[in-house]
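Peer 1: The structure's right below; bear with me while I get my questions together.
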Amino acid sequence: MPALRKHPQTATKHLFVTGGVVSSLGKGLTGSSLGQLLTARGLQVTMQKLDPYLNVDPGTMNPFQHGEVFVTEDGAETDLDVGHYERFLDRNLSGSANVTTGQIYSSVIAKERRGEYLGDTVQVIPHITDEIKSRILAMAAPDEHGNRPDVVITEVGGTVGDIESLPFLEAARQVRHEVGRENCFFLHCSLVPYMAPSGELKTKPTQHSVAALRSIGIQPDALILRCDRDVPEALKNKIALMCDVDIDGVISTPDAPSIYDIPKVLHREELDAYVVRRLNLPFRDVDWTQWNDLLKRVHEPHETVRIALVGKYIDLSDAYLSVTEALRAGGFFHHAKVEMRWVASDDCELDSGAAAALADVDGVLIPGGFGIRGIEGKIGAISYARKRGLPVLGLCLGLQCIVIEAARSVGITGANSAEFDPATPDPVISTMADQRDAVAGAADLGGTMRLGAYPAVLEEDSIVARAYQATEVSERHRHRYEVNNAYRDRIAESGLRFSGTSPDGHLVEFVEYDAEQHPFLVGTQAHPELKSRPTRPHPLFAAFIGAALDYKAAERLPVEIPEQRSNGVELLQEPASRG
């Protein structure tokens, strides 16, 4: 009789997170929170998202359908859940953290064309599933420091029963077979709905969801029961029996006051302890020092600050997920709660509209975006805030709108972006040289922007240099357009300072007004929100929230900002009260 195959106990463990009954149960936050707990126990954890859509990446998808595109350090356009992973694990991930059906099929078809399958009939099994497995197992490779992860948490997108998810679930099943059951863990998230007329929690949807998962060969090791209230022990015992799961693996996760409370909820239910026992992982007790400090800042703020986010996609808050999380983290830094005011950019085109929307806020954030819709409203919001000393932070497109507004204020009345008006006589924002083919339709749009981390050099004693406490920084980018250097001198007449550029001085990365002219009006071509962490707020957002708190505390009349006419004569704006 042949010897039984043995799997090394020191192998990287693989934990898969699946979902059933309905989508949007919080698989990503559940996996991120569990990853945070395992990290706090001294383990090396990395994460991955498997997305079952045919797009190669979300870069060309409508923000209303998909939410934000999260850009990694290496320039990959990924799912917003990757942002949750980075924020909860407090580590940078790469493009390999997001795998889509489009990537898998593109790779397999390319290999077939190269003849790598030696004449085989290319099929979903084994060729597609093998490609998926290779992406999953590659996450166990050592990082740049030679450290191999103890645990890889892989979230399988979609819902059990979806046709699109089947190849990913089959690949996950095969991974368990290859690495050994003792090195693999399946965590299934399911809905336990509350029926108000009968006053009952219903377990049948979870039973059917687990039955569907078992029908394709996967027996979950633990269940996350999502509900608006605690699931009582009697129902947990029933679910454990009917779904053949250890009672220790049946986890009640009622809605939490904050996403940052979820690790505490999972720890209270002892999920992390169950996982480390089941996978035979070395561990220590959870170190709550940093997370408890965060929760104190979340739940016991000393003051409140109101920030207006003037955007184009405000009907879906996920379109600005990293921005809102970075703003909240900036508030945590100051022991302050950030109240979001969602403002449709179209509402701010006229000064009266901007006044109605922004009169009682303490700061204005202009986020990124694409296309002409709502642009004049963003510019109108900047103009309103500039004339009243209201703190402003512009991101990517926000910087470009700040530059356009400054140019118009000194008489360049036709100032615009080549993106919004290709025929503008004054393209103060122009197409980057290496992006012209893509803009003209002569090259692919997907994956061709200026993506990923790029360095910038900051002017000493500038607002941004003081915020960063450095003159050399690196931020992530996602854009095709840049400030037109031919207009720099004329725009500078407005007082706008180009306080940060690429190392060669060519590309404008940061702009600001001197503090004597405006307390805080700063723009960056980058997306600093992508590097913010709840426990390590981004310095630019911390500085912005600090300026907003100062503005609120002063309760002053807005400062008089000199408006430059094209002939160089100053025109003072009439001061107006905040209210």
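Placed from the backbone N, Cα and C atoms, the Cβ positions cover glycine too.
When I checked Swiss-Prot for this same protein, it listed these features:
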- Cys396: active site, nucleophile (ACT_SITE)
- His527: active site (ACT_SITE)
- Glu529: active site (ACT_SITE)
- Ser23, Asp162, Ile163, Glu164, Lys202, Thr203, Lys204, Pro205, Thr206, Gln207, Lys238: CTP binding site (BINDING)
- Ser23, Lys202, Thr203, Lys204, Pro205, Thr206, Gln207, Lys238: UTP binding site (BINDING)
- Ser24, Leu25, Gly26, Lys27, Gly28, Leu29, Asp81: ATP binding site (BINDING)
- Asp81, Glu155: Mg(2+) binding site (BINDING)
- Gly369, Leu397, Gly398, Leu399, Gln400, Glu419, Arg480: L-glutamine binding site (BINDING)
- 306-554: domain 'Glutamine amidotransferase type-1' (DOMAIN)
- 1-281: region 'Amidoligase domain' (REGION)
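I'd like these features described in context: how deep, what's nearby, how far apart.
Peer 2: The number of other CB atoms found within 10 A of the CB of Cys396 (active site, nucleophile), across every protein chain shown, is 23.
His527 (active site) carries neither a helix nor a strand DSSP state and counts as coil.
The Cβ of Glu529 (active site) has 30 neighbouring Cβ atoms from other residues within 10 Å, across all protein chains displayed.
The Cβ of Lys238 (CTP binding site) has Thr203 as same-chain neighbours under 8 Å, each 6 or more residues away in sequence.
Other Cβ atoms within 10 Å of the Cβ of Pro205 (UTP binding site) number 15 in total over all chains.
For the recorded site, Leu29 (ATP binding site), the DSSP three-state label reads helix. A simple way to gauge crowding: the CB of Leu29 (ATP binding site) has 21 other CB atoms within 10 angstroms, across all the protein chains here.
In three-state terms derived from DSSP, Glu155 (Mg(2+) binding site) belongs to an extended strand segment. The Cβ of Glu155 (Mg(2+) binding site) has Phe16, Val17, Lys27, Gly28, Gly31, Met47, Gln48, Lys49, Leu50, Asp81 as same-chain neighbours under 8 Å, each 6 or more residues away in sequence.
Shown in sequence order, Leu365, Ile366, Pro367, Gly368, Lys378, Gly523, Thr524 are the residues of the chain, 6+ apart in sequence, with a C-beta less than 8 angstroms from the C-beta of Gly398 (L-glutamine binding site). Gly398 (L-glutamine binding site) falls within a helix when secondary structure is assigned with DSSP.
Within the model, the region 'Amidoligase domain' (1-281) carries an average pLDDT of 93.
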Peer 1: Determine, from DSSP, whether Lys204 (CTP binding site) sits in helix, strand or coil.
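Peer 2: It is helical.
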Peer 1: Using C-alpha atoms only, work out the spacing between Leu397 (L-glutamine binding site) and Glu529 (active site) and round it to an integer in Å.
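Peer 2: For Leu397 (L-glutamine binding site) versus Glu529 (active site), the Cα atoms are 14 Å apart.
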Peer 1: Select the closest residue to Gly26 (ATP binding site) from the following binding-site residues, measuring between CA atoms: Ile163, Lys202, Pro205, Glu419.
Peer 2: Pro205
Peer 1: Within 10 Å of the Cβ of Arg480 (L-glutamine binding site), how many other Cβ atoms are there?
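Peer 2: Within a 10 Å radius of the Cβ of Arg480 (L-glutamine binding site) lie 18 other Cβ atoms.
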Peer 1: Determine, to the nearest whole angstrom, how far the Cα atom of Leu399 (L-glutamine binding site) is from the Cα atom of Glu529 (active site).
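Peer 2: Taking the Cα atoms only, Leu399 (L-glutamine binding site) lies 14 Å from Glu529 (active site).
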Peer 1: What is the nearest of the recorded positions Leu29, Cys396, Arg480 to Thr206 (CTP binding site), using the Cα of each?
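Peer 2: That would be Leu29, the closest of Leu29, Cys396, Arg480 to Thr206 (CTP binding site).
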